[in-house]
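Enquirer: Below you will find the structure I want to go over with you.
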């Protein structure tokens, strides 16, 4: 199979879909890999490293996109939709519930789109987990930075000092992002509260952190109280493939103290805070509303691309090899985890939460893939 790795064009997205090591694994299995010139530079990988691994360095992005399977990091931007075609296998993060125009374009062009974030093995999301770990850890340190007065914050040191109270961190969502945010916040010495719907998960968090955190069951009263007290609010809710629910209302934000900070990690699925009304970028990461600093960057791990790219390649390559070795149709038929990642195929929306949120008919993956001639690698 011919596999294309284009350069990411999202604002300050310095990750790349494959390391040279990942390329070598695909090539050793008999596949061709086309890497766009400079695709790995942001992550510290020179063109020569990819060439040494056996990749072909291509200057023209169209030629890269003409590959049978394209591997990316972030969702394609509108200027990349022109490359969509029937038979293309696209393997990347998509977050389609928050990207209706992208979903429509993929559907219209008959692209076989497999989303990293919905590939699932049991109750785990193996291709989302490493980036969730990165984003969670970053959320605490970014929040700490923006609490500094020169960054617009109230001038709070999360750790406090002897004789001065510690900063209060509220984390909504006790999954991978929330747990990693808590690890960092606890490590910084903050006063940490975690809110989650699942009482069993809260028990697990109590076992992990003990007396270092407080836990609360998720309901509007507990959320309102914890948000009002927070110096830093970290939003870490995930419903796989679906749009994030609004849990923090504008009225709750108004009750926060001036200079408090919100980091909404769920923004790539629409966000859970009513006042987080647009995505921000690494160039302009924050805005102020009701006296509160809002951080809503959708590609947080792109700021630490070396770590993120290596972590991502570690988990995506085994699945990419299955697609490349077997062809997309057989790989999807054989592997239920990979099949759960299928979001569009042959003009159909094949992930139920995306179909529901965007108002499309849901077509099960098995039915959508019956016409094998519509899928690359068949």
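Heads up, the Cβ atoms here are built off N, Cα and C, so glycines get one too.
The active site, proton donor/acceptor annotation in Swiss-Prot covers 95, 268 and rests on similarity to another entry. The substrate binding site annotation in Swiss-Prot covers 15, 74 and is backed by similarity to another entry. The feature NAD(+) binding site is assigned by Swiss-Prot to 132, 176-177, 196, 218, 237-238, 265-268, 297-300, with similarity to another entry given as support.
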Enquirer: Considering only the recorded positions 15, 74, 95, 268, which residue has the minimal Cα-Cα separation from residue 177 (NAD(+) binding site)?
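Expert: For residue 177 (NAD(+) binding site), the closest Cα among 15, 74, 95, 268 is found at 268.
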Enquirer: Could you round the CA separation between residue 266 (NAD(+) binding site) and residue 15 (substrate binding site) to a whole angstrom and send it over?
Expert: 19
Enquirer: Give me the non-local Cβ neighbours of residue 298 (NAD(+) binding site): same chain, 6+ apart in sequence, Cβ-Cβ under 8 Å, ordered along the sequence.
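Expert: Listed in sequence order: 267, 268, 279.
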Enquirer: With DSSP assignments reduced to helix, strand and coil, which class does residue 132 (NAD(+) binding site) get?
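Expert: For residue 132 (NAD(+) binding site) - judged by DSSP and reduced to three states - the answer is helix.
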Enquirer: Sequence gap of 6 or more, C-beta under 8 Å: which same-chain residues meet both conditions with respect to residue 132 (NAD(+) binding site)?
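Expert: The answer is 125, 175, 176, 177, 180, 238.
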Enquirer: Would you mind reading off the Cα separation of residue 218 (NAD(+) binding site) from residue 95 (active site, proton donor/acceptor), to the nearest angstrom?
Expert: 24
Enquirer: Please tell me which one of the binding-site residues listed here (15, 74, 300) sits closest to residue 95 (active site, proton donor/acceptor), measuring Cα to Cα?
Expert: 74
Enquirer: If you count other CB atoms within 10 A of each CB, which of 15, 74, 95 wins among these recorded positions?
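Expert: Checking each of 15, 74, 95, the winner is 15.
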Enquirer: A 10 Å Cβ contact count, applied to the binding-site residues 177, 238, 266, 300: which residue has the minimum?
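Expert: Comparing Cβ neighbours within 10 Å for the binding-site residues 177, 238, 266, 300, 238 has the fewest.
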Enquirer: What Cα-Cα separation, expressed in whole Å, is found between residue 15 (substrate binding site) and residue 300 (NAD(+) binding site)?
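Expert: Just about 11 Å between their Cα atoms.
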Enquirer: Reduced to three states, what secondary structure does DSSP give residue 15 (substrate binding site)?
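Expert: Assignment for residue 15 (substrate binding site) reads coil.
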